[in-house]
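Engineer: Annotated region 'DNA-binding' per Swiss-Prot: 1-112, in sequence order. What Swiss-Prot records for 24-55, 89-110 is DNA-binding region. What Swiss-Prot lists as region 'Catalytic' is 126-345. Residues or ranges marked as site 'Critical for target DNA recognition' in Swiss-Prot: Arg186.
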Amino acid sequence: MSSFVPNKEQTRTVLIFCFHLKKTAAESHRMLVEAFGEQVPTVKKCERWFQRFKSGDFDVDDKEHGKPPKRYEDAELQALLDEDDAQTQKQLAEQLEVSQQAVSNRLREMGKIQKVGRWVPHELNERQMERRKNTCEILLSRYKRKSFLHRIVTGDEKWIFFVSPKRKKSYVDPGQPATSTARPNRFGKKTMLCVWWDQSGVIYYELLKRGETVNTARYQQQLINLNRALQRKRPEYQKRQHRVIFLHDNAPSHTARAVRDTLETLNWEVLPHAAYSPDLAPSDYHLFASMGHALAEQRFDSYESVKKWLDEWFAAKDDEFYWRGIHKLPERWEKCVASDGKYLE
């Protein structure tokens, strides 16, 4: 493979050639990768160009068609965040085919900031802060009457990249805590981890394969699979000694009516969780935070190697690790109440 990397116009000309050879966008992408390496456009970009070719538009130049309405741009960016709100500015810029500075400006205009590795509103409005505060007050009041942390089962999703380069420090304002952000290879393979756990450890997890997503139907089946794992690993629930208290976020696939019906059938109690609150979700502030550091500079060559690494990583964590993640909740609820619902640092 030579060191030559085609520019945008050259790459698009190659795609026209592939299009007329009746190649698919995916096949064309594989040919580009084989010839020029991983710096070529993503499959999604190739698919977008193929759609243009099918409509008869074979112009490979970036033309100004008039600036689209700002709300359209924001909707496009928001759609990417809805798909994966842990993406970096660079990843977002590459998908939108704009500069990283443009994404940074738009995120700022949309009022977004990264908290616990996820993009959330920079400035919560009064109603959002009040909801967070009220929710935490209710949970604290209940906890002080009688602890229920041992009954919490929580879970979430996280992208795992086959190649995760060295973590880079982020730049923050004076007085603000420094953070480190993994900058994975946008063009590399990745798999989505869906994991559920409690104070004693991991109960069940799945790795989604290429093209799979968490929609309502899949999430329903995941809950059924989780329930089966609970019956095997936590017999106290099968004996009805305890009722599951389920903590998950407000993603659309989690709040669909069909999912609510499934949770009701399972007789699980759903713990209140305010929107825009990754700082109050144990998977985000504890499990994934620790996992992210361990994943830095990891390289996987297959789906099976990712699974093997996860099995070993989960098993290497002692009971204290999982216990601590769940039992941090009251302290975080208190801090949220004390700050009138603002984000925790």
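Cβ atoms here come from the backbone N, Cα and C positions, even for glycine.
Describe the structural surroundings of these features, if you would.
Structural biologist: Confidence in the region 'DNA-binding' (1-112), given as mean pLDDT, stands at 75.
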Engineer: Could you give me the DSSP helix, strand and coil counts for the DNA-binding region (24-55)?
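Structural biologist: Going through the DNA-binding region (24-55) residue by residue, I get 24 helix, 0 strand, 8 coil.
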Engineer: Across the DNA-binding region (89-110), what are the DSSP residue counts per state (helix, strand, coil)?
Structural biologist: 18 helix, 0 strand, 4 coil
